[in-house]
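Okay, structure first, notes after.
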Amino acid sequence: MSPQTETKASVGFKAGVKEYKLTYYTPEYETKDTDILAAFRVTPQPGVPPEEAGAAVAAESSTGTWTTVWTDGLTSLDRYKGRCYHIEPVPGEESQFIAYVAYPLDLFEEGSVTNMFTSIVGNVFGFKALAALRLEDLRIPPAYTKTFQGPPHGIQVERDKLNKYGRPLLGCTIKPKLGLSAKNYGRAVYECLRGGLDFTKDDENVNSQPFMRWRDRFLFCAEAIYKSQAETGEIKGHYLNATAGTCEEMIKRAVFARELGVPIVMHDYLTGGFTANTSLAHYCRDNGLLLHIHRAMHAVIDRQKNHGMHFRVLAKALRLSGGDHIHAGTVVGKLEGDRESTLGFVDLLRDDYVEKDRSRGIFFTQDWVSLPGVLPVASGGIHVWHMPALTEIFGDDSVLQFGGGTLGHPWGNAPGAVANRVALEACVQARNEGRDLAVEGNEIIREACKWSPELAAACEVWKEIRFNFPTIDKLDPSAEKVA
């Protein structure tokens, strides 16, 4: 060690514990265009000031540790440290605050969601000084966004591949999710695609189990795709789940799907992990495969209002890591999803530029520059009576996916698909004619029933089905008043 280094490291050094806010709370800081910005919902332990809690989050997710260390003198903390630059109380909550933290871009490896999350949502979430901590939103700067490939293809390329425009895409998850043989599974795929669906889907927990090995499933599903395409004249697809126990096995399954000539594969991106997902997304772009993403495990992370991570952050991370579709809730079905919050992260998935809008839970303006968009998938407890609302809420650039709402039709799988396709076409036509789907939706469906006995039967079966439970993760009561 040189004398100069020894002198620099020893000047002003004193071992011991000091308050985080002395170094990491900087309300005078002006954020840079290259900073990654984070909004944390912080619940300090009793007796911990919010400034100290916010500073602790900034410190423990960047350069800080619990004590002063002499090696601080060997680097430029002012250049590399995270900074808590603003704190505001959460309306209606006595002990919760939103802490805004800015991170210098040099803290993160280029093109790595894994590294970004290891810092920002790492050990700090177990910090004893905090009763709870939730990451509400991230601002990803263009300088960092440009280091990612993002979705393999994006919305427009997918529409061109499928030759389908001017309406939402229509899908179905094959049920029962577990237990079918590969041949019976392929039969269900064929019947649904022949009936008018664009896609069918492996359920997220269908991988390669004793009752149905992955290779057999891929072969029977490919046969179903080609047979239904020949009979309908439409391009069809089935989300073949390539998720596996190792990255090598996952890629092997994707390679086999490509060799079969199918258009799309699938991945469970949270249980599979971001490193695996990014690897698969790169393979899909290089080999012309679309990539459908399921979000299994998300509610473990995002459902509680005061701890974890909001799904809008997971959605942004997926757009960076890569996926052409991702499940995004339904608002009207059986799964959790506040309407305004859902619309907020749907825009973050699809649009190139999204303005800050606290009424929809968007804390920062997000510029995606040239990163392709992702189609949101509405799936979970939906049926034909929901079609007007889904068409109105999600618009054309979406996938509406009915599992039980197709396979539960009293006449069988193909009639279930017919019912959904007729309902969708009726809603799109009515919307294009200027009718209000939110007001006239039920009437539009009833009119279509006159021309489709399959739809009439579906409407009769599901006329009483409701999922009327309150949303747990709601927006804060006065969020709409925040600029």
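Glycine too: its Cβ is placed from the backbone N, Cα and C atoms.
Take the substrate site that Swiss-Prot assigns to Asn123, Thr173, Lys177, Arg295, Ser379: the candidate from His86, His325, His327 listed for it is His327.
Neighbour density for Lys201 (Mg(2+) binding site): within 10 A of its CB lie 28 other CB atoms from the protein chains shown.
Lys201 (Mg(2+) binding site) has Lys175 as its nearest neighbour among the recorded positions Lys175, Arg295, His327, going by CA to CA distance. Counting Cβ atoms from all protein chains shown, Glu204 (Mg(2+) binding site) has 22 others lying within 10 Å of its own Cβ.
Between the alpha carbons (Cα) of Thr173 (substrate binding site) and His294 (active site, proton acceptor) lies a span of roughly 12 Å. Sparsest Cβ environment among the binding-site residues Asp203, His327 (other Cβ atoms counted within 10 Å): Asp203. When the recorded positions Lys175, His294, Arg295 are scored by other C-beta atoms within 10 Å, His294 scores highest.
Within 8 Å of the Cβ centroid of the Mg(2+) site, not counting the listed residues Lys201, Asp203, Glu204, the chain contributes Thr173, Ile174, Lys177, Asp202, Asn205, Val206, Tyr239, Asn241, Met266, His294. Here the CA atom of Lys177 (substrate binding site) lies 13 Å from the CA atom of Ser208 (phosphoserine).
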